[in-house]
Ligand SMILES: CC(=O)[C@@H](O)[C@H](O)COP(=O)(O)O
Ligand SMILES: NCC(=O)COP(=O)(O)O
């Protein structure tokens with residue numbers, strides 16, 4: 001894809017949740033997601049994403065506290081649209097909060113947030129977080145109605161869920177491309193993530209309106225073979241190659 005030379009590359013946010021998954025398997029302190037976050041930033045990550053799930057299956061409250069103390073790079077805290085999570089975010093004031101849907105029984109985040117369905121409560125939560133200086137993002141499917149509702153809810157950012165694209169669903173890349181254009185036209189910053197790998201990242205990184213990619217499970221898994229610095233370097237190269 002040929003873009004003007006001034007078009008900035010999408011930033012890479014590294015999601016370190018699954019370092020905590022491995023740690024929690026034995027109940028101790030190793031491997032430490034904060035140490036992984038610091039290494040990710042030293043290795044070229046533009047920011048760090050962590051998802052404090054309601055069931056605390058990977059990231060825990062103490063990790064959030066330690067992360068905001070240790071990191072100077074932007075932190076993107078993913079969380080459910082609950083009063084408990086809003087209160088936690090207000091205590092730590094990360095650079096950004098990405099509000100995601102959660103179902104306790106799910107293995108991973110299965111779909112986007114139903115911004116339309118949450119219209120009675122979400123705009124107030126967005127306002128409360130934004131008033132505290134937090135950049136608010138909504139993790140949504142690339143549905144025009146959800147994108148428009150996100151803008152109306154006062155979000156600064158939408159993160160488009162790339163899970164269906166990563167699974168190879170027909171037409172999903174076109175839906176993401178159209179969604180990114182619509183979101184940008186409404187003044188929303190566009191992020192994308194979920195299920196991205198070396199093999200599927202380029203078409204998403206090539207979308208001119210995508211400003212940030214959040215990638216976790218693949219990078220942490222691949223780091224077992226290649227090391228975290230090497231996989232971050234390679235992912236940044238894939239992103240850059242998509243914009244040549
Ligand atoms: C919202 C999202 O996509 C991330 O939180 C990512 O899925 C990592 O967390 P889980 O693997 O627990 O879903
Ligand atoms: N918001 C998406 C994210 O943070 C990472 O998702 P994944 O790469 O772990 O699937």
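Yeah, the Cβs are placed from backbone N, Cα and C, and that goes for glycine too.
What TrEMBL says about this protein:
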type	residues	note
BINDING	15, 26, 195, 216, 217	3-amino-2-oxopropyl phosphate binding site
BINDING	17, 18, 53, 58, 108	1-deoxy-D-xylulose 5-phosphate binding site
ACT_SITE	51	active site, proton acceptor
ACT_SITE	78	active site, proton acceptor
SITE	159	site 'Transition state stabilizer'
ACT_SITE	194	active site, proton donor
Intrachain C-beta neighbours of residue 58 (1-deoxy-D-xylulose 5-phosphate binding site), sequence separation six or more, cut-off 8 angstroms: 17, 18, 20, 21, 24, 51
Other C-beta atoms that fall within 10 angstroms of the C-beta of residue 26 (3-amino-2-oxopropyl phosphate binding site): 8
Among the 3-amino-2-oxopropyl phosphate-binding set 15, 26, 195, 216, 217, as the record gives it, the longest Cα-Cα distance in Å: 26
10 Å Cα neighbourhood of residue 195 (3-amino-2-oxopropyl phosphate binding site): matching recorded positions from 53, 78, 159: none
Least buried by Cβ count (within 10 Å) of the recorded positions 17, 78, 159: 17
Candidates near ligand 1 among the recorded positions 17, 51, 159, judged by a Cβ under 6 angstroms: 17, 51
